[in-house]
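As written in TrEMBL, here are the features:
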type: SIGNAL; residues: 1-25; note: signal peptide
type: DOMAIN; residues: 41-250; note: domain 'Calcineurin-like phosphoesterase'
type: BINDING; residues: Asp47, Asp80, Tyr83, His249; note: Fe cation 1 binding site
type: BINDING; residues: Asp80, Asn118, His212, His247; note: Fe cation 2 binding site
Amino acid sequence: MAALMIGSMLVAALLVAMLPDLCNGELERFEHPIKSDSSLSFLVVGDWGRKGGYNQSAVAVQMGIKGEKLDVDFIISTGDNFYDNGLQGLDDPAFYESFTRIYSADSLQKQWYSVLGNHDYRGDVLAQLSPVLRKIDSRWLCLRSFILDAEIVEFFFVDTTPFGDKYFTEAGSHVYDWRGVLPRDSYISNLLKDVDTALRESRAKWKIVVGHHTIKSAGHHGNSDEVVAQLLPILQANDVDLYINGHEHCLQHISTSDSPIQFLTSGGGSKAWRGDVSWPNPEELKFYYDGQGFMAVQMTETQVDIAFYDIFGNVLHKWGTSKPLFSIVGENSRAY
């Protein structure tokens, strides 16, 4: 068994080494078509991979039901895809037991776009990033950081775990797989430059950034200070509309007075934390639910509508916003 796992890790390392270095140049870009009526619909789930436990299966059932009703185009995973310690190799049965077997509804047989979480970094990261997994289950697409162009919206997926100082200084008994990340300072610097450039050059009507870690959170972890200090200024300078994350095992929506960005957490894919909530300004905390569930998003060129659901399919919170079809060209505006 040990020899098999070592062999799998070597294969994964070879395959990933063949991929472009995504933090020393442009972020890899993917395209996803919108519907014929120019609309888009997708689900967001995070912190889920527990082989069906902690209501993961119940969340998956409701995702399948809502996914069919909304005719979703794809699913976004906000990370911590496999607990507790990521995947242990390409042949780890957790990939089937926590992903393929659980999200089996017809409506969920769409592309999944995933980022890594801190728990994923405790395993064989190169295996989870490997294109071999896409051959095992074609829905799976997981990269550190990348861009998804869906015509009316661009998604910027950002690898946030390397930002966290504690994963390097307070790892304790945990071992993190930093292959491809070290030297850390260069990795983060290049990533921030790539994200800034991509956001600045984007001409999409909507810009959505997806990361695992929080920027604004009333939950157990709270704000991720390093992400706030380094990534948030770039998002604010480049007119980002939504920041979507996991990490907190809850569902929440925060709209702060100092930023037009909506901060949305969808980390209720399995185990949830009960009663651990604190936010200084109640008016900014638009919604908080310390149970399992997921988020659905429906978009057109002029409208975004989000809804959070629990494991019974109940709507817990709704929010929407709109933009004019055309904007006036000015010093700080663009024509669409």
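Using N, Cα and C of the backbone, Cβ positions are placed for all residues, glycine too.
Other residues of the chain with a Cβ within 8 Å of the Cβ centroid of Asp80, Asn118, His212, His247, the Fe cation 2 site, are Gly46, Asp47, Thr78, Gly79, Leu116, Gly117, His119, Asp120, Thr160, Thr161, His213, Gly246, Gly267.
Counting every protein chain shown, the Cβ of Tyr83 (Fe cation 1 binding site) has 23 other Cβ atoms within 10 Å. Highlighted in sequence order, Gly46, Trp48, Gly49, Arg50, Gly117, His119, Gly246, His247, Gly267, Gly269, Ser270, Lys271 have their Cβ within 8 Å of the centre of the Cβ atoms of Asp47, Asp80, Tyr83, His249, the residues recorded for Fe cation 1, and are not part of that set. Of all the binding-site residues listed (His212, His249), His249 has the fewest other CB atoms within 10 A of its CB. Between the C-alpha atoms of Asp80 (Fe cation 1 binding site) and Asn118 (Fe cation 2 binding site), the distance comes to 6 Å. The two recorded residues His249 (Fe cation 1 binding site) and His212 (Fe cation 2 binding site) have their Cα atoms spaced 11 Å from each other. Residue pair Asn118 (Fe cation 2 binding site) / Asp47 (Fe cation 1 binding site) shows a Cα separation of 10 Å. Cβ environment of Asp47 (Fe cation 1 binding site): Thr78, Gly79, Asp80, Gly117, Gly246, His247, His249, Gly267, Gly268, Gly269, Ser270, Lys271 lie under 8 Å away, each six or more residues apart in the same chain. Annotated pair Tyr83 (Fe cation 1 binding site) and His212 (Fe cation 2 binding site), C-alpha to C-alpha distance, rounded: 14 Å.
Within 10 Å of the Cβ of Asn118 (Fe cation 2 binding site) there are 20 other Cβ atoms, across all protein chains.
For His247 (Fe cation 2 binding site), the count of additional Cβ atoms within 10 Å of its Cβ stands at 28 [all protein chains shown].
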